């Protein structure tokens, strides 16, 4: 295994006796090379499709083929002119914003309660509630979407109005996506929280709500910002949960892209996908300025 | 304070637990061409799904692909996770962003990328032809191999991030100690690092296996019309067919098979990690 070589922990002098010094060095270099190739290969595999999409969105010819005949930005205009993509983008944006605006406060409140209450004999209940709130992560999107689809169809019968294919119907489903991420991330930041400033504020006469607003919340900011970003992105790119809940004239961007891709891949679709890639990338970089992403995932 | 947990809890109960209960109830109903769902209490939808050779094959394909992809993802992700876990500061942030980025971009976008890479005139065929290795383009797209590549690429970031968290917690001086005591790097890895990383391997495999079992966009877009996995089969029952009870039974079979294998797998791994 070449893995240890990276740590640099094994200096040549500590290598087992009997290994010629020169031979050990050569073997070491080989291990390091193999390790580098393995890491590079893994990242090539996960990044290649993303880079390929961005590249072909610039190709001049309409039928995707390599090498390109030339480069153009015309497909971006073409994509915007296609109603399904422009409206899909607007729907997804609206949906992700509303879902995050509802889900993040609810999830943060729940995380606070789980962290602060449910001590002692209530601990088991807290654990069960925590599992329940992470449930939307555990139930596969398509199965949950199927269940919601039937639920909506049945509920439409009672309320005598459309739910499936409406914005409220989609928002309700997507709030479900935002809760587990928020609970997880806010709980993680609460776990590392120093309680002394809150106690100090309380001792100095601050009321509980003031302590929360002026002390607790600012300390939780990294977790809440990260949760908002994740919630937004989870909602924006979701396909499986959404698939059965969209309706005529109200389709999200990923569903619109999927429907298009079942027939063909072309630079117009790639342009739409690139817009999504750039949006997600920009949001990640912004969030990383607030809170180092390597601390929250 | 405890009441703050209520809104989110009620939401999950109302929009996940209750719908899932209704879905389960419907899986025990009977299909009727006139009223769609006829109330009953029968296991015949489950029996039909298990007895039908078509759905047995779909389930078999799904299991095979999911197991293969989980194993491949583990092998591919381990070196990358190691690399990530031993980075520090700004370089570490950048590596995390690089890992997270394809994951957050979404499955549909990445499937589109694979279509561009694997198609008849795609990048891979063009490169092979340019090198003079092939004359006729290879049929890479719409094959099980394309689905495997696509799913592995989708789940590998999850595996990398899960493994990195655990590897990070393994003190580096343990490896030094093993080396000083005369262990070769391979032995140190096998006897010291691997046992300590096992909980992470278990967690990563469970997460990734669930994602593989339920893959939708990748098999639909990269597998072609003949290739069927369970999640697309469930979808078809509700959109192209109207047999809700049978579709509901398929959904629960998928859920239960995934759950059973996940539990069996974690039990086997935790036995291995238990002190001997």
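Here the Cβ of each residue, glycine as well, is placed from N, Cα and C on the backbone.
If you check TrEMBL, you get these features:
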DOMAIN    B:59-265  domain 'ABC transmembrane type-1'
TRANSMEM  B:63-84  transmembrane segment
TRANSMEM  B:96-119  transmembrane segment
TRANSMEM  B:139-164  transmembrane segment
TRANSMEM  B:200-224  transmembrane segment
TRANSMEM  B:244-269  transmembrane segment
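Comparison of B:63-84, B:96-119, B:139-164, B:244-269 by number of C-beta pairs under 8 angstroms to the transmembrane segment (B:200-224) places B:139-164 first. Using a Cβ-Cβ cut-off under 8 Å and counting only residues 6 or more beyond its ends in the same chain, the transmembrane segment (B:96-119) has close neighbours at 80, 84, 125, 140-141, 146, 149-150, 153-154, 157-158, 160-161, 215-218, 221-222.
Tertiary neighbourhood of the transmembrane segment (B:139-164): same-chain residues 61, 65, 68-70, 72-74, 76-78, 80-82, 84-85, 96, 99-100, 102-103, 107, 110-111, 114-115, 118-120, 122, 124-125, 197, 200-201, 203-205, 207-208, 211-212, 215, 218-219, 221-225, 227, 229, selected by CB-CB distance under 8 Å and a gap of 6+ residues from either end. Remote same-chain residues near the transmembrane segment (B:244-269) are listed as 23-24, 26-31, 36-37, 45-46, 48-50, 55, 59, 62-63, 198-199, 201-202, 205-206, 209-210, 213-214, 230-231, 233-234, 237-238 (criterion: CB distance under 8 Å, separation of at least six residues from the stretch ends).
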